[in-house]
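Undergrad: Can you read through this structure? Questions will come right after.
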2 protein chains.
Amino acid sequence: MNKDIPEFSLQRMPVYLNYLRTLPDDGNYNFISSGAIAQALGLGEVLVRKDLAYTGCAGRPKVGYPRIELISALENFLCVNDAKSAVIVGAGGLGRALLCYGGFKNYGIELACAFDTDPEKIGTEVGGKPILSVEQLQESCKKYGAVLAIIAVPASAAQQTAELLKKAGIKAILNFAPAQITACDGVKVINIDVAANLAILASML
Amino acid sequence: MNKDIPEFSLQRMPVYLNYLRTLPDDGNYNFISSGAIAQALGLGEVLVRKDLAYTGCAGRPKVGYPRIELISALENFLCVNDAKSAVIVGAGGLGRALLCYGGFKNYGIELACAFDTDPEKIGTEVGGKPILSVEQLQESCKKYGAVLAIIAVPASAAQQTAELLKKAGIKAILNFAPAQITACDGVKVINIDVAANLAILASML
């Protein structure tokens, strides 16, 4: 699902969800207008209405969106209630930081384990998750029913890792290695190059 | 500069630069066509030509772009040769991983130091960079001439950190805290929510 929705709209859905979840349950936010959401998030009101229309939750004129319903609609949209299993390849600094990060649960994502090639790391645990050998990648991904993966290996190993993950049945990859992953048919990839993002920001100054 | 260029085009510039830098200097890649670049990166050829036109480097019909010139044009576009100083706030797992990451240099970005509130971390070094007290943030940002910052603190401290950075003269922020930073006039922000990105990928399956 969600294949035909503009990428930028898709990227804002978690932002709306996070914001609505932080509002207090004190009765003052049973309804919230697109204008209020737009202002809080620094977005245009028309844009907010357009984005939220994709969730199927309808705002009521002069009242706004019923907040709890809108949260549910966004959660459905993002499949938060479908438990999904993810693995990390690379248990260096970044991989370890992600293993300890609790935020995946908010989206129904369970980190199962990480893989590494370093014998000193294999067999240990980080954040309560086991570090396994890359040689166990295929069987472990199947065992955990993993469909998502995070690549946190050096740039030189990124493409090879993506191909290995594809063979193991992974359907979507978040790539932190500073190397573009290409030609991995049937697998969705988002590349996140931290240094490049900082460079883009700098070039806009 | 680069204010009027579409965000998606801007995001692809480091991808082109990385790719062109990896090609061997064996004489076979003195010129490269937009078609070859498009194929290697899984992009459309028209899109590649449109993006690269922003750099001011002209391709020659039936020959392609002079590779070294194109690299220089992309480097100029991304201000790679202007040394820029960056700081990190939050020396937890992610902050420490970033301090050890060597990729910033490729874009002319020098990490100066990190800030934390934990007395056990303050005064130590990670990746050869000092961890300083958040109380030293203002004076240290000025001392290092820092204009860029990475936020790697818990969500609850993100907005406050952004305001502190603004006061310290920071012009652009890459925010890894899973909380949208808003209303920070005059400061450019890119939010990177790792769990949200994974959720977006999952929702597209």
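Quick reminder: no glycine exception, Cβ is built from N, Cα and C everywhere.
For reference, TrEMBL lists these features for the protein:
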- B:80-180: domain 'CoA-binding' (DOMAIN)
- B:G90, B:A91, B:G92, B:G93, B:L94, B:G95: NAD(+) binding site (BINDING)
Undergrad: Restricting to the domain 'CoA-binding' (B:80-180), what is the model's mean pLDDT?
TA: 93
Undergrad: Which chain-mates of B:G92 (NAD(+) binding site) that are at least 6 residues away have a CB under 8 A from its CB, listed by sequence?
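TA: Spatial neighbours, sequence-distant, of B:G92 (NAD(+) binding site): B:D116, B:A152, B:V153.
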Undergrad: Name, in the order they occur in the sequence, the residues of the same chain whose CB lies under 8 A from the CB of B:G95 (NAD(+) binding site) and which sit 6 or more residues away.
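TA: Listed in sequence order, they are B:I88, B:V89, B:A114, B:D116, B:I150, B:A152.
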Undergrad: Sequence gap of 6 or more, Cβ distance under 8 Å: name the residues on the same chain that satisfy this around B:A91 (NAD(+) binding site), in order along the sequence.
TA: B:L99, B:A114, B:F115, B:D116, B:D118, B:K121, B:V126, B:I131, B:A152
Undergrad: Let's check the environment of B:L94 (NAD(+) binding site): how many other CB atoms sit within 10 Å of its CB?
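TA: If we count other Cβ atoms within 10 Å of B:L94 (NAD(+) binding site), we arrive at 25.
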Undergrad: By DSSP, how many residues in the domain 'CoA-binding' (B:80-180) are helix, how many strand, and how many coil?
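TA: Helix, strand, coil within the domain 'CoA-binding' (B:80-180): 37 helix, 31 strand, 33 coil.
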Undergrad: Cβ within less than 8 Å of a chain A Cβ is the test here; which of the binding-site residues B:G90, B:A91, B:G92, B:G93, B:L94 meet it?
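TA: From B:G90, B:A91, B:G92, B:G93, B:L94, flagged as close to A: B:G92, B:G93, B:L94.
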Undergrad: Just name the most isolated of the binding-site residues B:G90, B:G93, going by other Cβ atoms within 10 Å of its Cβ.
TA: B:G93
